[in-house]
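Enquirer: Would you mind keeping the following structure in view while I ask a few things?
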Amino acid sequence: MKMKFATMAVAAVMAAGPVMADLVFPSLSYRTGPYAASGIPFADGYADYFTLLNERDGGIGGAKIRVPECETGYNTEKGVECYESTKGEGALVYQPLSTGITYQLIPKATADGIPIHSMGYGRTSAANGKVFRDVFNYPANYWDGASGAINYLLDENGDDIKGKKIALVYHNSAYGKEPIRTLEELQKTHGFELTLLPVDHPGQEQKSQWLQIRREKPDYVIMWGWGVMNQVAIQEAVNIRYPMENFIGVWWSGSEADVIPAGAAANGYKALTFHGVGKDYPIYDDIQKYVVDTGKAAGAGDQIGTVQYNRGMYAAMLAAEAAKTAQEIHGTPDIDAKMMRDGMEALEITEAKMAALGLPNFGPEFKVSCEEHGGPGLVGVTQWDAAAGTWNVISDYKPTDRELISRLVAEDSAAYAAENNIEPGCN
Amino acid sequence: MFYREAGEFRTTYKEDSQTFPIRFDRWRYYFVLFVAICVIPFMVNDYWVNSIFLPFLIYAIAAIGLNILVGYCGQVSLGTGGFMAVGAYACYKLMTAFPDVSMFIHVILAGVITAGVGMLFGLPSLRIKGFYLAVATLAAQFFLVWLFNRVPWFYNYSASGQINAPERDTFGILITGPNTEAWATYVFCLIFTVVSAIIARNLTRGSVGRKWMAIRDMDIAAEIIGVNPLTAKLSAFAISSFFVGISGALFFSVYLGAVEVGEAFGINKSFLVLFMIIIGGLGSIFGSFAGAAFLVLLPVALKVVGVDWLGWPTDIVAHLQLVIVGALIIVFLIAEPHGIAQLWRVTKEKLRLWPFPH
């Protein structure tokens, strides 16, 4: 009991700390545990972009940015703790980079009026802004990913994949189960055979799944993996000599950390993407100048330019642009979470904007509205070149089966609305 | 000086055998209860409740449950996470099937269902002991998690395989869902924790508890003096699982609100609760509270000190936490195998004599 009161006193002092008028973008990161390999570069990119804005532009619209980091370890309990401990600081938007934590936070953040941006993850039906007023998942979601992967296979096979066997290797969690509905629907239209191979958390044990793949010889393997599961899966695929060019990961399963451990044999592995890859963007000169050279880079500073780093930077860029939009709408640099939500809902990303930021052609052009929190859902495909050590875009951003996805989104969000007594609407 | 019996005269057996026979100790206990019931609810905010009080109270119930089984009856169990999952899923099914029933009833029924499942998995304990029983309960852990992942009926066929707690109330006050008041969830869990602790304390003092301890200390001798191992072991499994099930139900419905079985109720949870009772003290109700408080508060305290005060990188602090918890477990096992509860007992003895130790 003594211990308890001592720590309470400690925490009480902390809770009473001053609330500064900064723009607060909490980073619920994970630099430890089985998902660290994927979490570190994203967190670095997220932090570095805001550091760049602070150093180069003096923040957003004159207001300084603060990025308090909180370690979640991809664990929902710690995620809740992180959310509760940072929301009092005036958090503008949460990007937990975990589907599990996103599910956890959707009701909580909605009740607190703080927006969530689950970029390319989280609850897909949050794309329906009429039901999920405070949740955004632009510019692409899991169902776009599933449909994009199938579209790519259709392209490769002259629009006919009837009778082809496709295996889905997925993380046995809310995250990995997301694409199943869509794939099952697409299976009906396109007539391929779908095999489901769940991999349990944390994903280090996949022998039996790959044994099954070896036995059944599916024509294609699609993967919904994360963290250490990606590395193990690619290594196992190499071990059974599965043809790498028939192995496609979702965008969360396609970074350098996933393929490098398998060495040269991983050459040809493919992954989906919804943004540009590589370091070939003008913004990297600024990052070098203002962030790296001044010694302010987050983490070890060795992740710059990797796929997940780019994605973290992209997430930060979208958040910063939304904050700018919010400042314009409300005419004050000092925005709060409610204003931030308005900014996110009015966000418009154009090519000119991206070019001005030093990220020409980095992502799709899109415009968020109340009805559409999900963005355009354009999906490209990248391929790993083991010799050069780079990801190359081999298929440009293409639209997905939006008709099907909108129908599924409408169904799922209607169920959520009914469950939680939400009156869908834009006011 | 403190904790003195001098001057306290007890004239009835009832007075003599009460839980806190020393007046000072009793007043201290009433004081803690008073603060917990009458002061804290008016002071807490979301952060305090969700980061500290709810996990502490809920883990305390789980630790009490496991302590009955491991500490009092001597049956090692690694299935705590699985039994918590049973409580959580039972509560979820009840909540969705009977939305108008009070949350109190749902949580208690979830405990009852878990007790049944616990008895089922306790059956092997009649034949096997020690490590082998630990392995059998480990099987329960993995089987239950697999079951809840595999059979869609348990999660009402939701696409994500997660269970989400809908809004439910008791006496018109919201207990689950995002729009709850901090004090309401706190008081709700506090009631369960206090009642569980009182029940457990009295069970372990009575004939049931003595039978458990006889089985723990030497089962053959216990059988010879007339303890039925069947009823003693199975009742330990049932009552232990009942508490663990209640904690699982609260953990899901009140604390987290959404749960994924593999992640929330995995083997890590079983170990966490086991560490709580090892650090807190096997065979002690106070030890269950101390262990739960320790393992819930330590990470938060380390984070506050390391990240917020000293400004260390978050990953260093997270790793440091693993190191410290691991080291503490070893230290406790070597230096004080009876845990914090024993330290507390020793402190009390010292205080009793202070300031004239001779």
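Cβ atoms here come from the backbone N, Cα and C positions, even for glycine.
Quick caveat, the model's predicted, so the values are computed rather than measured.
From TrEMBL, for reference:
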type     : residues  : note
TRANSMEM : B:27-44   : transmembrane segment
TRANSMEM : B:50-69   : transmembrane segment
TRANSMEM : B:76-95   : transmembrane segment
TRANSMEM : B:101-123 : transmembrane segment
TRANSMEM : B:130-148 : transmembrane segment
TRANSMEM : B:183-200 : transmembrane segment
TRANSMEM : B:236-259 : transmembrane segment
TRANSMEM : B:271-296 : transmembrane segment
TRANSMEM : B:316-335 : transmembrane segment
Enquirer: Contact between the transmembrane segment (B:130-148) and the transmembrane segment (B:27-44) is defined here as three or more C-beta pairs under 8 Å separated by at least 6 residues; is that satisfied?
Expert: no
Enquirer: Do at least three CB pairs under 8 A connect the transmembrane segment (B:130-148) and the transmembrane segment (B:183-200), leaving out pairs fewer than 6 apart in sequence?
Expert: no
Enquirer: For the transmembrane segment (B:101-123), find every same-chain residue at least 6 residues outside the stretch whose CB is under 8 Å from a CB in it, and list them.
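Expert: Hits for the transmembrane segment (B:101-123): 75, 79, 83, 86-88, 90-91, 94-95, 136-137, 140, 144, 168-171, 175-176, 188, 192, 233-234, 236-246, 248-250, 253.
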Enquirer: What residues elsewhere in the chain lie close to the transmembrane segment (B:50-69), defined as a C-beta under 8 angstroms and at least 6 residues from its ends?
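Expert: Same-chain contacts beyond the flanks: 40, 44, 75, 77, 80, 84, 182, 185-186, 189-190, 192-193, 196-197, 200, 203-204, 212, 236-237, 239-248, 250-251, 254-255, 272-274, 276-277, 280, 282-285, 287-289, 291-293, 295-297, 300.
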Enquirer: What residues in the same chain, six or more past the boundaries of the transmembrane segment (B:271-296), come closer than 8 Å to it by Cβ-Cβ distance?
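Expert: Non-local partners: 52, 55-56, 59-60, 62-64, 66-67, 70-72, 78, 80-81, 197, 200-201, 204, 213, 216, 244, 325, 328-329, 332-333, 338-342, 344.
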